[in-house]
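Comments concern the structure below.
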Amino acid sequence: MDLKKYKVFLTSIDLGSFTKAAAQLDYTPSGVTHMMNALEDELGFNILTRGKKGVQLTENGERLVPILRELLRLEEDFSQTVSEIKGLNTGTIHIGSYSSIAVHWLPRIIKNFQSDYPNIRIKLMEGIRQEVVTWLEERKIDLGFMSYQPNMKFDWIPLRDDPMLAVLPLDHPLAKENAYPLKNCESENFIMPACGYDYDVVQLFRNDKISPKIRYKTFENYAALSMIECGLGMSVMNELITKGRVCNVAKLPLQPERYISLGIAVPNTDKLSPATKKFIMYSEKQLL
C-alpha cells in the first residue's frame, strides 16, 4: 500500500491539476503523472479523467476519496502517536475557520501553541460556514472554528457566546438608541451577508418568524459594512465580525438580545490526533 500515491491523488483532486499538486508536494509534473498512471494500473480501473481544464474524478474515484482521506488521517494519527511516545511532538493540524475567528482568535492561540510545539505544522483554511462544514465532511480539516447549529453532524466544543448586533449608518434615526428592535428588519433595506447563506442570521430570523426586507446580498461582511457606511441599508452580524473594522457605522445590541455560540466542531472527539487534542486544549485555555 503506497500512501504517497494516495496523497498525490487527493492533492491533485483538491487543486485540480497535476502541475499544482507537483508544485505543492515538491514533485515534477511528469513524476505525478507517472504515479497516477501506476496507481490506476494497480487498481485496475480509472479514477481520474485528464483534460484541458485539469483533472476530475471518475465515478470510481469519487467512491475512493472518503476512504483514502480517512486512511491518510489514520496514518497521520499513527505517526503523531509514535512521535508522542518517543517524546517528539510532530505532525500537522489542518484547521478550518471563519475569517473573523482566524483574525481575532487564532493568531494568539497558534503563537502560544507553536512556542511549546514548534515541530507541529499548522495549515489554516478560511471560509464561510458551508465551506467549513464541507471540509469537515470530506476530512480535509481536523477541526473547524465556527458557530453552532442544532442540526450539526459533528461533535461540538463551545468556546464563547458572541452577541448579535444591528449595524446601522451613523445618520440612522435609531443609531444613538440603546438597542435595535429586530422586528424593524422587515421594513428596513437589509443587507444580507454571505449571499444569503449566513446560517446565524437566517436562523435568527427564522426563530423569531421575521422576514427581512432584503435589498442587497454580499459575499464578504466587509463589503456589507462599507455599504452600510454609505447609507445603503443595515444588517445584523455577530460582534466578532465587526471588531477591528475601520468603518463609520453604529453598532447596537438587538432587542430582544440574541447570541450565537462560537467554538470548535470535530468529526469525532474520540478519534482526534494527539496534536489536535493539544491544540484544542490551548484554544480552551485561551478563550474559556
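Count begins at 1; order follows the chain as displayed.
Glycine is no exception: its Cβ is also placed from the backbone N, Cα and C atoms.
Given the structure is predicted, the values throughout are model-derived calculations rather than measurements.
The domain 'HTH lysR-type' annotation in TrEMBL covers 1-58.
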What counts of helix, strand and coil residues does DSSP assign across the domain 'HTH lysR-type' (1-58)?
36 helix, 8 strand, 14 coil
Taking only the residues in the domain 'HTH lysR-type' (1-58), give me the average pLDDT of this model.
90
